[in-house]
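Over in TrEMBL, the protein carries these features:
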type	residues	note
DOMAIN	11-320	domain 'Hcy-binding'
BINDING	CYS238, CYS305, CYS306	Zn(2+) binding site
Amino acid sequence: MDRTAEERSNVVEELLRENGGWAVIDGGLATELESNGADIRDALWSSKCLFSCPKLIRKVHLDYLEAGASILITASYQATIQGFLSRGFSQEESEALLRKSVELAVEARDIYLQKCPQKRQILIAASVGSYGAYLADGSEYSGDYGECVTLETLKEFHRRRLEVLVEAGPDLIAFETIPNKIETQAYVELLEECKINIPAWFAFSSKDGVNIVSGDSLVECGSIADSCQNCVAIGINCTPPRFIHDLILSMTKITKKPILIYPNSGESYDPEKKEWVQSAGGSAEDFAPFVNIWHEAGASLIGGCCRTSPDTVRAISRALKGGA
Ligand SMILES: [Zn+2]
């Protein structure tokens, strides 16, 4: 069903209203594909599955819907035209793979709704991972791109990718794991320059509970996102659960827009070994017991990132239904 521009811009608000003030985002996609047997130790990471095992992506999306998620994030986090071109795909094939990420989530939603007796609203958020994720050298967790990478470099890098994803018809764009201020600015300018007419959320990652991973200020980056017309929610993803509460409190001071959080399991990623390792003071335990505290602190969209699973999402959903 075609929505007007006005309706499109309110999809998140509408979902929150229908649902009584909260909504569940899905859990980690790449790591769940891995748990289902996919080998993603590759520079393309989960986007490799777009050509190697697309049906598995659809299955994992379905698992998350069945676990209670109302927002599916597509498998495009590390899917870039440049990345696919470097693997021998043509421009057309690369763009088709980007579109495929949205199509798979839409198919999962259709399948789920067909057999689901209680119709409910489900949104598809097209993931846009950072330039650092494409580099696959760990800079997605340092935000350090070196001096040669300018605002223009980043805009040029993301421009066509963003346009193709939007053309594929998701409900919104999910800018995820944003590591620094320059990339935040690039996204805001691109949304405007490309006249993107669907909403977007901005999710930053942090490794100290105060700033985003590059050391740039969350307050500053969050405020840049807040001033963007397309932006319908701001928050934190792929960050250890122990930092989430303080980060929510910081965000409540800079935005009136819905706050979203989808932490990882608390482990950290070793980019050389391409493995998740238990970090000091981290915890791989489920964070569901904290979900209602985070909701009370101001977060309304809650899910999980790397190393969380449909079980995590089921527990989040149960906690929010029972509490709050
Ligand atoms: Zn993650």
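Cβ from N, Cα, C; glycine included.
The structure displayed is predicted, hence computed values, not measured ones.
Cβ proximity to the Zn(2+) site centre (mean Cβ of CYS238, CYS305, CYS306, cutoff 8 Å) flags the following additional same-chain residues: GLY28, THR31, THR177, SER205, ASN237, THR239, TYR262, PRO263, ASN264, SER265, GLY304, ARG307, THR308. Sequence-distant neighbours of CYS306 (Zn(2+) binding site): residues of the same chain at least 6 apart with a C-beta under 8 Å from its C-beta are GLY28, ALA30, THR31, CYS238, ASN264, SER265, GLU267, TYR269, TRP276. Model confidence over the domain 'Hcy-binding' (11-320) is summarised by a mean pLDDT of 95. Under a cutoff of 8 A between CB atoms, and with a sequence separation of 6+ in the same chain, the neighbours of CYS305 (Zn(2+) binding site) are GLY27, GLY28, THR177, ASN237, CYS238, THR239, TYR262, PRO263, ASN264.
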